[in-house]
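As structure tokens, the structure follows; a few thoughts come after it.
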Amino acid sequence: MATGGRGPRAMDSIAVLVGLAVVLAAAAQVACAAGGHDYGAALSKSILYFEAQRSGRLPGSQRITWRANSGLLDGKANGVDLVGGYYDAGDNVKFGLPMAFTVTMMAWSVVEYGEQMAAAGELGHAVEAVKWGTDYFIKAHPEPNVLYGEVGDGDSDHNCWQRPEDMTTSRQAYRLDPQHPGSDLAGETAAAMAAASLVFRRSNPGYANQLVQHSKQLFEFADKYRGKYDNSITVAHNFYGSYSGYGDELLWAAAWLYQATNERRYLDYLANNAEELGGTGWTVNEFGWDVKYAGVQVLAAKILLQGNNNAGGAGAHADVLRLYQQKADLFACACLGKADSSNNVRRTPGGMLYHQNWNNIQFVTSASFLLAAYSDVLAAARRAAACPSGAAQPSELMALAKAQVDYILGSNPRATSYMVGYGATFPRQPHHRGASIVSIRDNPAFVSCQDGYSNWYGRRGSNPNLLHGAVVGGPDEYDNFADERNNWQQTEATTYNNAPFMGVLARLAAGHGSRFGQSLADETAIKGDNKTSEPFPSHATEHASPIKIKQNATTSWTQRGKTYHRYAVTVTNKSGKTAHELHIGISKLYGPVWGLDKARYGYVLPTWLPSLPAGKSAEFVYVQAAPPADVWVTGYKLV
């Protein structure tokens with residue numbers, strides 16, 4: 001839902017939204033006819049998928065009928081009721097971090113585009129999907145400083161191919177508390193409950209207040225007892241390790257609590273901790289369950305650009321919020337290919353944004369949602385994103401979001417839809433335990449761990465149960481895709497693939513009218529008017545990083561006909577604070593590096609140099625028979 005006033009507007013009741021449905025449905029039909037994809041149908045399927053992922057006692061309204069009750073004793077051994085929630089993907093584990101991110105993004109989708117969902121007749125289903133998650137989080141947070149963050153473990157589960165209804169694997173529950181902190185997981189769960197409170201603010205205010213109370217307690221717990229959750233719940237590390245740390249989740253939670261409560265202390269936190277927690281230090285080109293900085297930056301930019309309508313407004317924090325906005329701009333620029341070449345997101349030959357081989361589509365759906373939401377924010381403020389290569393108009397962001405959605409739905413070199421059940425050609429063998437084994441309703445005979453592997457995992461042919469609406473991991477960097485059950489990198493679907501996708505699908509289903517914030521230039525083009533509109537200006541100011549990089553070729557030599565160069569790179573902290581978690585990005589590197597350690601996100605200083613004090617420098621070297629590599633600062637925290 002496009003919003004203003006007190007942060008994102010609280011959700012209107014379903015009855016009020018229905019009044020807009022006729023107009024919006026007509027717009028959706030026009031958009032569908034023009035674009036070649038039925039975004040409304042894809043939206044319906046994207047939400048339906050979550051019913052296949054439900055754990056617990058299924059309701060009478062359950063539409064995925066091949067599923068049945070499961071995990072009914074979850075938490076009993078720990079003396080707590082942990083029945084419910086979602087399985088993250090094709091396994092039977094309830095991983096807290098991706099589940100919380102899923103719910104946050106489902107809620108943001110509804111908050112941002114709830115009117116469009118109502119027009120498509122899907123708002124009720126979307127709200128129900130959010131509540132299935134938040135009901136579980138309420139159970140998982142039985143005390144202010146206790147949060148249950150996982151049920152089951154990936155190691156035992158991955159040794160077993162079994163329907164969730166037949167589970168014999170461990171259902172041990174793992175918790176966070178002051179002695180076992182997890183600021184990232186507690187912060188993300190706080191964000192999920194705060195965002196979800198906006199969904200229920202009008203229709204169920206008592207429930208919304210309950211969610212806010214839990215969110216506030218979890219945020220305080222996360223901030224007071226700091227630590228990475230996978231250091232406390234170690235069984236999660238190999239599956240959902242918190243590589244980016246917890247700074248982004250603390251800022252993310254504060255941003256959502258400010259949106260949900262309009263309490264100034266959360267805006268103060270977002271601004272006052274921007275440097276220490278990396279909010280204005282990290283320049284990122286991806287957004288997902290681990291790295292939330294781009295989402296924080298877009299939310300902060302929204303607070304700034306809509307600040308005149310807020311009670312309290314951006315006020316004294318406007319300068320810091322502008323720094324957040326610059327980072328939000330750079331995320332969009334990187335996706336568009338208009339950032340520095342070293343930070344631009346790669347594309348496949350068919351045009352898909354590409355980050356990694358395993359489940360690349362998670363970054364495509366999340367980027368598409370952020371681009372669409374930020375496009376609407378910029379258009380409403382009559383602004384453009386400031387890119388190193390020039391301004392990017394809101395229409396460019398929306399066009400890229402649409403192109404990525406269309407690619408997923410089948411406009412790609414393989415003419416394959418990567419949403420199960422959508423289009424003529426789609427994956428028939430998703431890597432999913434429940435979908436790949438005969439439904440317990442059709443054959444209640446027990447299927448053991450090894451029976452599942454022997455009789456079902458390697459079985460040729462389509463899965464017996466259709467995993468409606470699941471968005472699978474997708475193709476590789478060359479647009480290649482193998483629809484095989486054992487190809488988990490490409491055929492496994494996850495809840496966090498679908499959660500942001502439902503939002504951008506709702507936006508596209510409503511068409512391109514200015515009612516939802518798209519630029520006047522777009523509206524003019526749609527109407528066929530010959531008059532042109534001036535592009536929106538970009539208002540972001542330049543912000544020089546306090547971390548400076550200088551590199552020189554110190555020596556050269558020729559060997560076997562090639563000239564090699566030794567390059568020395570000096571990284572200097574010119575701020576007045578100590579730089580922690582300093583990450584360096586390097587591209588066009590063709591030789592070895594000395595003086596840095598490889599990390600998930602680029603390179604970091606060696607373990608013996610965990611931070612760079614104010615005014616100090618660190619040096620590393622590399623050798624290659626090529627011009628200098630591109631070296632830049634990816635992120636840092638100033639304390």
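Here the Cβ of each residue, glycine as well, is placed from N, Cα and C on the backbone.
Just so you know, TrEMBL annotations never went through curation; they're auto-generated.
On a predicted model such as this, the values are computed, not experimentally measured, just so you know.
The active site annotation in TrEMBL covers His431, Asp483, Glu492. The feature domain 'Carbohydrate binding' is assigned by TrEMBL to 547-625. According to TrEMBL, the signal peptide annotation covers 1-33.
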For Glu492 (active site), nearby residues of its own chain (Cβ under 8 Å, 6 or more apart in sequence):
Ala89, Gly90, Asn359, Pro430, His431, His432, Val472, Gly473
Near Asp483 (active site), which residues of its chain come within a Cβ-Cβ distance under 8 Å, counting only those 6 or more away in sequence?
Pro427, Arg428, Gln429, Thr491
On the 0 to 100 pLDDT scale, where does the domain 'Carbohydrate binding' (547-625) sit on average?
85
Suppose we draw a 10 Å sphere around the Cβ of His431 (active site). How many other Cβ atoms does it contain, all chains included?
25
Per-state residue totals over the domain 'Carbohydrate binding' (547-625) - DSSP helix, strand, coil:
0 helix, 52 strand, 27 coil
